[in-house]
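Undergrad: Here it is, the structure in full.
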Amino acid sequence: MKTNDVILQSAAKLVVFVILTFSAYLFLSGHHEPGGGFIGGLMSAAALVLLALAYDLDTIRSVLPVNYRIVTATGLLLAILTGAGSFLFDRPFLSHAFDYFTLPLLGKTELATAVLFDLGVYLAVVGVTMTIILSIGEDR
Amino acid sequence: MLLHAAVLLPLLFTIFVPLLYKAFPKLHTGWAVLAVPVVLFVFFVMQIPGQMNGGSAQSAAIPWIPALDISFALVLDGLSLLFALLITGIGALVVLYSISYLSRDKEAIHRFYVYLLLFMGAMLGVVLSDNLIVLYGFWELTSLSSFLLIAFWYKRDRSRYGALKSMLITVAGGFAMLGGFVLLYVMGGTFSIRELVAGLDGFSGDALFVPAMLLVLLGAFTKSAQFPFHIWLPDAMEAPTPVSAYLHSATMVKAGLYLVARMSPVFAGEAVWFWLVSGVGLATLLWGSYCAVRQTDLKAVLAYSTISQLGLIMSLLGIGSAAAHQGMAEDAVAAYAGAIAAALFHLFNHATFKGTLFMVVGIVDHETGTRDLRRLGGLMALMPVTFALALVASFSMAGIPPFNGFLSKEMFFTGALKAAELSLFGVPGWSALFPIIAWAASVFTFIYCMIVVFKTFAGRFKAEALDHKPHEAPLLMLVPPAVLASLVIVVGLFPGLVAGSLIEPALAAVLPAQADAYHVKITMWHGWTTELFMTIGVVAVGIALFLTLRYWQGIYALLPGRLTFNRVYDGLLRVLDRGSLFLTGRYMTGSLRHYLIYIFAFMIGLLGWMMLRLDVLGGGSPVYAELSFYEVVLVAVIVLAALAVPLAASRLTAILLTGAVGYIVSLLFVVLRAPDLALTQLIVETVSVTLFLLCFYHLPKLRKEMAPLPFKLGNALISVGVGLVVTTIALVVSGARKFDSISDFFIAQSYELAGGRNMVNVILVDFRGFDTLLEIMVLGIASLGIYALIKLRLADGEGGERLENK
């Protein structure tokens, strides 16, 4: 079945970047505003799914040659390592720390280890969602 | 700390074995591994002086789980030291032997050494642990490594059968033992063996005392292959011969003996202990030696002989326990302590001569390609050195002077005769059986020892039965058994070498209260005693029976006949197999509808019953917030959309309607001022609608289902039930507040403690970070599961079918 998806495809090209940027914003702002790793990850995955719907899976694979199982594993590893990192400071597993730094351009900024953990969550969610959707989508 | 290093060294070294194997393709990995037991052996030898002459035990503890009274506590006393020397000494020789036994080119030797080192560390852990739970952990680790080693040639059916059997029996015993340990903890309030012994008076009269003892004994008997659990040991002989020599003769099977000896200070005062340990030991001794004569496989002879020798040591430990009874005369205490000394001495001797014999059998197998006694014979001229080693070891096992086996067998007779005088526990007549059984079993022992030597090495050489002409083994293969055989002779001639340095400290650990009453003094000649006449009788009758073996061999056809313990084991396994298959087949029908019915019916039943029982509807009237206009509208739309789902004509419509329900729920969250939830719900809904569309793409068109009325009624009943239960819970929960909400804490602290103003996210990544970590882990596992399900089926058309039949 060959369908003409010109409008969807053209729109998707633009919209995907908007969604991805928004997901990055959601992820980074999660500490103070609504958002976070889980929502950000889902949002990114949704952008990729949109691409998959507008084009097809082969296109996705050639544009983004990523093994999403490894993305999941990286995310999990990052989350665990962040948790284990607190052992280095003789604190219980998953103790977080934060402090305020003055950075160039950004001014006074809060940096927290929780963001690293959240990045793990983000990657894991993207990996999991894409693994599931791609493997079911490929199954003919 | 050094003790901990000693236990952990073999375990840590396992990591390097595969690396060494890869990095040095020319080198036989065994040479690198050899360093571990040698270093440990030297370390433990250096500990001997510290334990001699009443030296105090060394101990070291690392706290592990203090809340559960579990600490990684190690204690080195005489008994532990004796075992540690056996484990590392024989271990070193076995590794050396395996270098020429297992070829690097043909066998997966890196796996072999990993398992072997795993075992070595675990076994050291067993004999050095003071904490019962840690001991149990190491104990099961020895079972596991034994399983892996027996199944080393896992492509053979018999190997897998033997491995599974040994695992099932020893692990079942291990579980019983764990139960016993827990009971001991309940009574004594500690998992430390030394503290249990110290606080013994407080709980020895407890009603749980005897059950705890029985459970612990069950663990010891299964591990040490005592009657009737001995059946796993002959099948374990499928392992490579170095493993049989090491695990299934010299060390692991002696873990049970170790446990009995170690727990003696706790339990020995009990009459049940005396009768069970000595009785089971004697039964094993007799049955093992009787069965050994019948075998035609050299290794099977040695397996039954090991069983019988373990029984001998066990019975001595039992007899010796009488020393711990109240009101014993001084000389009687000394005599029974002598039985324990005999047990420890024989334990050492058995490791030397049986180790030699296993290695000799390995050489014969290696050189001739068979272990079948019917095909062997006349190897004396071809393999003179091997023959000499076999002769020394067998004669020692048969109890012939001047070898070390003679000494411990004499001491065994002394113990048995002493036990016959015992009228402490009930009927005196029974104890007269002790020396009779001991003597009869010794006759059989003598016969199978002769079989091992003379049927293999004497007689006619059957060249036609062998594939190629055998010749003497390489030097490297002869060194380890030669070392052990020279120990057999040296210890036989100069028993004082080990009596004071090894046996006495070990005895002091088994009988701490009676240690002063007895000093280990072993001599070859003690006059024309009853024991000596018994030995002469054994030799005379043994020779006569060996020569006339073919005339009386017929009794083996009559006894044990059809009913053997192996049949019981196989039968039980079959019943278990079929029973579980039948039971699983009853409810695992493969119909999704059935599974959903189970789940929902269970939920309705359990929750509904609990709600009725607790009368949740009657108590208190919940206060509900007022509904706003938006909320009413949104809920109305949700209800309409949900009602439309079952009426939808196509799948696409149904999916979109379900999606609509989800989207409106997220709108509801917006109205209720939960932006995080709303956002998440919105994206989850989007992704899942896509997913549904992808899945349903493959399904056939929706058709009108023509189901019978009862079927539809059943569905309706369940769906209405679920709806009712869930709605009731939702209503009741919002009305009942048994505890203060934790929200206030989060509201107050999320910025203070975690530096974040978004409370939801702070909870996710910080306050309840562990939950999140495990949740993403579950997600990852689920995605891999889905991936595997789909990819495996794609790999080849018959994939699923083929895998299920495996």
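Keep in mind that glycine also has a Cβ here, set from the backbone N, Cα and C atoms.
I grabbed these lines from TrEMBL:
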type	residues	note
DOMAIN	A:7-131	domain 'Na+/H+ antiporter MnhB subunit-related protein'
TRANSMEM	A:12-30	transmembrane segment
TRANSMEM	A:36-55	transmembrane segment
TRANSMEM	A:67-89	transmembrane segment
TRANSMEM	A:111-136	transmembrane segment
Undergrad: What stretch in A:12-30, A:67-89, A:111-136 has the biggest tally of Cβ pairs under 8 Å against the transmembrane segment (A:36-55)?
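TA: Ranking A:12-30, A:67-89, A:111-136 by Cβ pairs under 8 Å to the transmembrane segment (A:36-55) puts A:12-30 first.
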Undergrad: Same chain only, please: residues at least 6 beyond the ends of the transmembrane segment (A:12-30) with a C-beta under 8 Å from a C-beta of the stretch. Say none if there are none.
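TA: Beyond its ends, the transmembrane segment (A:12-30) has Cβ neighbours at 36-37, 39-41, 43-44, 46-48, 50-51, 53-55, 115, 118-119, 122.
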Undergrad: For the transmembrane segment (A:67-89), find every same-chain residue at least 6 residues outside the stretch whose CB is under 8 Å from a CB in it, and list them.
TA: 95-97, 113, 116-117, 119-128, 130-131, 134
Undergrad: According to DSSP, how is the domain 'Na+/H+ antiporter MnhB subunit-related protein' (A:7-131) divided among helix, strand and coil residues?
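TA: Per DSSP, the residues of the domain 'Na+/H+ antiporter MnhB subunit-related protein' (A:7-131) fall into 88 helix, 12 strand, 25 coil.
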Undergrad: To what whole number does the mean pLDDT across the domain 'Na+/H+ antiporter MnhB subunit-related protein' (A:7-131) round?
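TA: Over the domain 'Na+/H+ antiporter MnhB subunit-related protein' (A:7-131), the predicted model scores a mean pLDDT of 85.
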